[in-house]
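Data first, discussion second: the structure below is written as structure tokens.
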Amino acid sequence: MWRIWRRVGSLSPLFSSPKSSILRQDLIQAPYRLNFLGILSTENGTPATIGFFSKEKTPFIAFVLGGPGSGKGTQCAKIAEAFGFTHLSAGDLLRKEISSNSENGAMILATITEGKIVPSGVTIKLIRREMESIENNKFLIDGFPRSEENRIAFERITGVEPNIVLFFDCPEDEMVKRVLGRKQGRVDDNIDTIKKRLKVFAALNLPVINHYTRRGKVYKINAVGTIDEVFEKVRQVFDDCKMIK
């Protein structure tokens, strides 16, 4: 199996009292620098096909996590433009499947309406289909994994881990205000569903964040501020990553 020999710096514990925010707000800290000069290799140094990736070079994958309304989708668009990534939004892929009026889409809609997690295999299949159709080798996977079961399934099916995990930390009241104010006509943009999604997010994302923190992959970014202010914090992460320039 491919392994990343050098890892990014780990972060301090990410969660604090829920009274002020689901997740603690901290600026990205300068000491946590990326070092991706390590080599991706099998144990004997011979390249090999992994999971569904048959390309000669293993893709660079960044998971982008954050609650609904944390601004991660907006920031992904800016990252894609500035650093040449392909932005894959798990939520957009699911909504696209819903709009297809397929049997699978009906199941996805019912699941999202209840504020529950769509089965891992369904979401991974949609992500896989998009990744295989694109020549680019650098991907932002936005809004996935949302649970430990998602994470384990992705790593098992693909045979790879993300290179980094961006975590956009935003207070609950700010996320609710943003989602209600964006007026995009999405099926899940109503107060009852938003509150369900926030509860699910808080309960299920902590194990994922903790896992990747232990793996030294998490970069937590305070998502409060203007779009440009938040992006300057994000830019610090990618400016230090030599392999993606």
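For all residues, glycine too, the Cβ spot is worked out from N, Cα and C.
Those TrEMBL annotations? Automatic predictions, nothing curated.
Annotation source TrEMBL lists ATP binding site at G69, S70, G71, K72, G73, T74, R182, G225.
Remark: G143 (ribonucleoside 5'-phosphate binding site) has V64, L65, K72, G73, S89, A90, G91 as non-local neighbours, by Cβ distance under 8 Å and separation of at least 6 in sequence. Sequence annotations record features per position, and here TrEMBL assigns ribonucleoside 5'-phosphate binding site to R95, K116, I117, V118, G143, F144, P145, R146, R186, R197.
Among the features that TrEMBL reports, CMP binding site is placed at N150. The Cβ neighbour count for N150 (CMP binding site), using a 10 Å radius and every protein chain shown, is 23.
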I'd like to know which of the binding-site residues S70, T74 has the most other Cβ atoms within 10 Å of its Cβ. S70
Once the chains shown are all counted, how many other Cβ atoms turn up within 10 Å of the Cβ of G71 (ATP binding site)? 22
Sort the binding-site residues R95, I117, P145, N150 by C-alpha distance from R182 (ATP binding site) and give me just the closest. R95
Using the alpha carbons only, what distance in Å do you get between T74 (ATP binding site) and R95 (ribonucleoside 5'-phosphate binding site) once rounded? 17
Out of K72, R95, R182, which has the highest number of nearby Cβ atoms, where nearby means within 10 Å of its Cβ, if these are the binding-site residues? K72
